[in-house]
Amino acid sequence: MAVQKDKRYASIDGLRSYASIGIISMHVMTNGQYALPTPLSLLISPMGEFVYLFMAVSAFSLCCGYYEQFINGSFSISSFYGRRFARLVPFFALLCLIDFISHPSFDSLYEVFANVTLCFGLLPNSSMSVVGVGWFIGLVFVFYIAFPFFCFLMGDKRRAWLALAIALIYNVVCRLYFFDANHVVVGYDFRSNILFCSVFFIVGGLVYLYRPAEAGRAANSIRFLLLAVAALSFAIVAVFGTNILLLLLFVVALLVYAVISEEPSWLVNKFTIFVSGISLEIYLCHMAVYRLLDKLLPMDQLPYAFALFLVLVGAVACSCAFKRLSRSLISVLGDRCKNVASIKG
């Protein structure tokens, strides 16, 4: 299939932006124990499932950047993992340090060490209290480690579909058998398990394999149908609870819609472009911002909309400040390295 190499799908960034805001909305409602009207509560409660959309988007985006390189033999392991560490470690390590200073203990120190290595997703029954939402980083980094094998699975469409079937069976078997009291500790977050979540990463890879050569050619009726499927799947999950097939329908429908659409304004605009650039940082720091605000002014006594606004503004401010600081440090270090090199020369 002749597809533009390294094509960027701006609509995917829109999905990433809304997913991060949805997850934050759910966390604020849950932690503040807000008694919202039933329709609003039903809408917000399942937004935590947006993490699965994050997984599919991550796999699709990674394939856009590196799949062809891997297949063509031009894949650079040093460049790939170097970029992953540079992207994840600095901000995550800072949050871990802040969490440790707030609650110092040997247990926290052990967890900080594991977190900073990014390899804690490989630990058995890992359940981290330091930066609790960081479980997603551990999961995604395990996916990064397995990415060469993932590319092998995606190298043939039949193999990719077989991998999807096996991953789906793993997801069901984990729920029925492996995640009981005989196999995992109490409080284990099954979402942090790569085998349990692999079906969503593989779905992202399959959408990449079947992506059209150019966006914007799909009929309006197809795009409307995809949105309708996503909305209906989400509504059923909201009312009746989580279901793996419905979650897959929701994720696939939105991802395919974003890929085949010609940058719809609700997904591609100044707001989503801005938020997508710091979506990971916002996701990682929003609970730290919430806890800080809760100490300054009890969040559960504020109107939900205002509390959510404060958390979002605080998370965005922290993320932007860190990015600006890190860029300044990188610039200073780069200038010093150049000066040292010129002196030696």
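Cβ coordinates come from backbone N, Cα and C, glycine included.
Because TrEMBL annotations are produced automatically, they should be read as predictions rather than curated entries.
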Exercise. Do you know which of 12-30, 31-49 TrEMBL annotates as transmembrane segment?
Worked result: 12-30
Exercise. Which whole number is the mean pLDDT over the domain 'Acyltransferase 3' (10-322)?
Worked result: 93
Problem set entry | Touch test for the transmembrane segment (160-178) and the transmembrane segment (50-67), at least 3 Cβ pairs under 8 Å | no
Exercise. Going along the chain, which residues at least six beyond the ends of the transmembrane segment (222-238) come within the CB cut-off of under 8 Å?
Worked result: 42-43, 45-46, 49, 246-247, 249-250, 253-254, 256-257, 260-261
For this session: Could you check if the transmembrane segment (12-30) is in contact with the transmembrane segment (88-106), meaning 3+ Cβ pairs under 8 Å among residue pairs at least 6 apart in sequence?
Result: no
Exercise. What else in the chain is close to the transmembrane segment (50-67), if you only count residues 6 or more beyond its ends and a Cβ gap under 8 Å?
Worked result: 6-9, 12, 15-16, 18-20, 22-23, 75, 80, 136, 139-140, 143-144, 147, 150-151, 154, 191, 197, 200-205, 207-208, 247, 250-252, 254-255, 259
